[in-house]
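Trainee: The structure follows.
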Amino acid sequence: MMSNVPRLTTIVPFPILASLLLPILPRDGNRIIRWYTSGICILEFSLITHIFHCHFQFDSQSIQLLETSNWINSIHFHWILGIDGLSMSLILLTGSITTSATLAAWPITRNTRLFHFSMLVTYSGQIGLFVSRDILPLSFMWELELIPVYLLLCLWGGKRRPYSATKFVSYTAGGSIFLLVAALTTSFYGNGVPSFDIQVLMSKSYPISLEIAIYLGFLIAYAVKLPVFPFHTWLPDTHGEAHYSTRMLLAGVLPKMGGYGLIRINLELLIHAHFLFGSWLILLGAIQIVYASLASMSQRNLKRRIAYSSISHMGFVAIGIGSLTDAGINGAILQMISHGLIGAALFFLAGTCYDRTHTLSLDELGGIATPMPKLFTMSSAFSLASLALPGMSGFVSELLVFLGVVTNEQYSFLFKVEITVLEATGTVLASIYLLSMLRRMFHGYRLSNGSNPYLIDFGPREIFISTCLLLPTPGIGSYPNLILPLRNSEVLSILFSYSDIK
């Protein structure tokens, strides 16, 4: 009897349905609202963990827990949900980051009802996107998270938050137009019955010119979200103005939606076009790593330095996806998981630092290691993880991406050398701007000299959030097989399709 329970259909709308009860909570019950939303996020994450532990099969290459029902028959709109290793890993990441971000939002006291409503709606949209096996529901979930994220950006944050929110929506909505047109083209091409089912679309073949056009449409939409150079300019402004709980979602989950789309749609459905564009994706990713690293070094604002660092690390995802090798694609997916944890943690630490020092200028910070040793310890640990210290998750993911490029026989020796040099340069620059950030924040004699009553170290809530994000990082770095078996079957099935056209 329990085998007939629609588990995926339960976890997708659950946060939205739970958010509908927020208006009936006590009018002045900020504490109740915080506890209620945190409880819903924890319960949703528990359901996800239960599905993973009890119903997910590591050795299966097929789509698991497949749920299909007719929605709008006249346009062949079906509700199709399913999971595999790729989607399962990102669902677990989403649950972890969203729960941590909700706990991080406790200091918010203005319009808390709307804030937590937006968080829960965003949660449903992100989960729904990762489990959708039909392009139309996937596009719907892509748009669903746009409105609540806009509210989170526009109503809570810095002085220029309306500008950053408008820029975010303009870029994302512009990319969504390309996504919708490409999705409709894939569905209605051919003489058969139109279908948005990804499994059906995988059996279609297109003229190469049309496939390239479709590929570019999807690529633009996903490149904005990932983001890929030069579609990245919305991200520094957005991170610079958003509240740090929102930035945890922006860094931890939203870019992974773009990476997921590139693998699920561009790589799986449009393999011939991806074969042609793989080297260009690698080149853009390598340029992005160096460019964003240099831009990060020049930033004097703490949030913007971390934002450009985030852009730089996502360049490894683009390279791994473009490499079309087992190691490269596994490295790209592992980098998404690693960056989700580390990026969210760094923005959380930057936000809590601002709450205490009331400044984000690296020129004004300094000397706070002594009064705030717990913040110093956590910041040092996550910065070392971000610069790919051996034993941390970032090292394994970047190493796999390196190997993915150099082991692909399609690319020339000179091309491999150029990409490797750019990747290595970005890694060296990451050490410079991250260690420089630590030195400016925690050493020297500035804020710690005066009597500053706000220099209070981490409390239990901040320690709990940081620890939950930190523990998986050395765990994955020391034993990558904690994560890699989740996607080996998916990667192998993609590469099998790729081997047929080489």
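Any Cβ shown, glycine's included, is placed from N, Cα and C.
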Trainee: Pick from 71-89, 375-393: which stretch is listed in TrEMBL under transmembrane segment?
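Mentor: So the range that TrEMBL calls transmembrane segment is 375-393.
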Trainee: So which residues does the transmembrane segment (32-52) touch in its own chain, when a touch means Cβ under 8 Å and the partner is 6 or more beyond its ends?
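Mentor: 7-8, 10-11, 14-15, 18-19, 21-22, 25-26, 65, 83, 88, 91-92, 95-96, 98-99, 102-103, 105-106, 112-113, 116, 119-120, 123, 127.
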Trainee: Can you find at least 3 Cβ pairs under 8 Å between the transmembrane segment (244-263) and the transmembrane segment (375-393), where each pair is 6 or more residues apart in sequence?
Mentor: no
